């Protein structure tokens, strides 16, 4: 009996020590979790049914399993993404304990209170995005200690006081503090010298200093008699010269109006380098050298907006140079610069970052980073022999990434950007096959003399929404339609419009062909043969459901891109599809009961591996 009691006591002691060890481990390893728990306790959700903080369980050893939190391989928090999450409350000073944090994204919520000084302790921070909240108080001077900070958006809040001079020592690439209550002088030194008034608009700040006026010569005295005679003679000579010059001027004007494939250097292009915010203004000579005089061997693609050339800058970096073709109008240069800067302010992991531009009296050129893996279209249909096909996991990730990029354009840009030509050819892939939406903003840029929503229809056959084609009026739902067709390209590997399908008596429009195949319940015949059967049938079914929801004939019935993102993340696709089935069954005979797999969590597996690759809104 005594032996039995001894064993029981030993077991109890062991369990006690084990619990004590676990508690000690949790306390030691969960300092970051405690900081995030403080943030959770300070915030509340305006949508309790979809509370994004619901998974933030303080009893877990690490916060790395929480949704919207990303960790590095050492289980240190590197990203907190709570943008557009319907949260209210205040930020907490404990955030300063996240010493490995690189991205803090809290845009488009209803956060109040002040920005904690302790954020200045986040020495690894690259991006701080607090856009569109109700934050008040000053901009903390401690942010000047953030040597790695490159992206700072504090616009559309109620911040007051002066801009701290300490920020001028930070090498910012993107800055937006517009639409606040700031006062005082705008710093002009450091990185602030690169930013234009658009970054500071709608405050009570002192205007940027104007350049010194050009010196003027004193008024000359009235001419004497001899001078008058010389002036008359000079006038006669000038008139004669003008008589001969007029035909030459007319000929030059005619040449300029003709579309040319040649580039001419003019003195205006040798002006001192001009920066628009983080954009560089390249000289035409730089881009001629980079692209080998725009050699045809460097052409990456051709589209409705012009040709794209591969180039290598003097510093060795590869770029893609887009030569725009458009009709210039009076005053267009200033408007072009304004629109270019607005495009450059759209910064997101899934958007192609504009690096710079070149503007001359005859040319408009945009410079982008070079995307190593080309476009989705080229990977699907034009891949070099020996290169592997896009596997199914990559295609799923492309669907989600491109949706996030489009949602950002629609919901999080200060001026909503409608793409108007969403297709596989405009979804680019970086070195890691992350989807990057390209060519956004160009439709507006090329119509900068048009102040109305209705413009010439731009787009690609097979991707154009019916209401856009019939009325010329585009909206964000136009992009949703194009996105839905792009999903079908990902699934089938086929073009949106292909006359070759006539050989099999099939519809030339991909969307119509898919609907016909689905009526015959031949799902397997839809899937790209390049996948060689290596896909999950339930996942294909769900992506088709999403595509059909996005391509409904009625624009009002299509989901918003933000809703598409949520459904791809596993929230509401089954319900939305079932509702659509009840309404559209007579028209679209894709029987949901024939494909009974209802789960949607395939698109966001709840594992650290995918969370670590999730970069919702940082600069590229």
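For all residues, glycine too, the Cβ spot is worked out from N, Cα and C.
Keep in mind that what you see is a predicted model, and the values were worked out from it rather than measured.
Helix, strand and coil content of the repeat 'LRR 1' (100-122), in residues and according to DSSP, is 5 helix, 6 strand, 12 coil. Here Swiss-Prot flags 100-122 as repeat 'LRR 1'.
Only residues 6 or more beyond the boundaries of the repeat 'LRR 3' (148-170), in the same chain, are considered here, and those with a CB under 8 A from a CB of the stretch are 102, 107, 115, 123-142, 176-187, 189-192, 205, 347, 414, 618-619. Swiss-Prot lists 148-170 with the feature repeat 'LRR 3'.
The repeat 'LRR 4' annotation in Swiss-Prot covers 171-193. With DSSP classes pooled into helix, strand and coil, the tally for the repeat 'LRR 4' (171-193) is 4 helix, 7 strand, 12 coil.
Taken from Swiss-Prot, the feature repeat 'LRR 5' applies to 194-215. Across the repeat 'LRR 5' (194-215), mean pLDDT in this model comes to 67.
Here Swiss-Prot flags 235-255 as transmembrane segment.
Look at Swiss-Prot and you will find 294-591 tagged as domain 'Protein kinase', backed by sequence analysis.
Taking a C-beta cut-off of under 8 angstroms and a sequence separation of 6 or more, residue 300 (ATP binding site) has the following same-chain neighbours: 308, 309, 310, 320, 374. Residues or ranges marked as ATP binding site in Swiss-Prot: 300, 301, 302, 303, 304, 305, 306, 307, 308, 322.
The active site, proton acceptor annotation in Swiss-Prot covers 421. Around the Cβ of residue 421 (active site, proton acceptor), a 10 Å sphere holds 24 further Cβ atoms from the protein chains shown.
Marked as phosphotyrosine by Swiss-Prot on the basis of similarity to another entry: 468. Reduced to three states, the DSSP call for residue 468 (phosphotyrosine) is helix.
Beyond the repeat 'LRR 1' (100-122), the same-chain residues lying 6 or more positions past its ends with a Cβ under 8 Å from any Cβ of the stretch are 43, 46, 70, 72, 76-94, 128-146, 148, 153-154, 159, 411-412, 615-618. The distance from the Cα of residue 302 (ATP binding site) to the Cα of residue 468 (phosphotyrosine) comes to 23 Å.
Annotation for the binding-site residues 302, 306: lowest Cβ count within 10 Å of the residue's own Cβ, 302. Cα of residue 306 (ATP binding site) to Cα of residue 468 (phosphotyrosine): a span of 22 Å. Residue pair residue 421 (active site, proton acceptor) / residue 468 (phosphotyrosine) shows a Cα separation of 11 Å.
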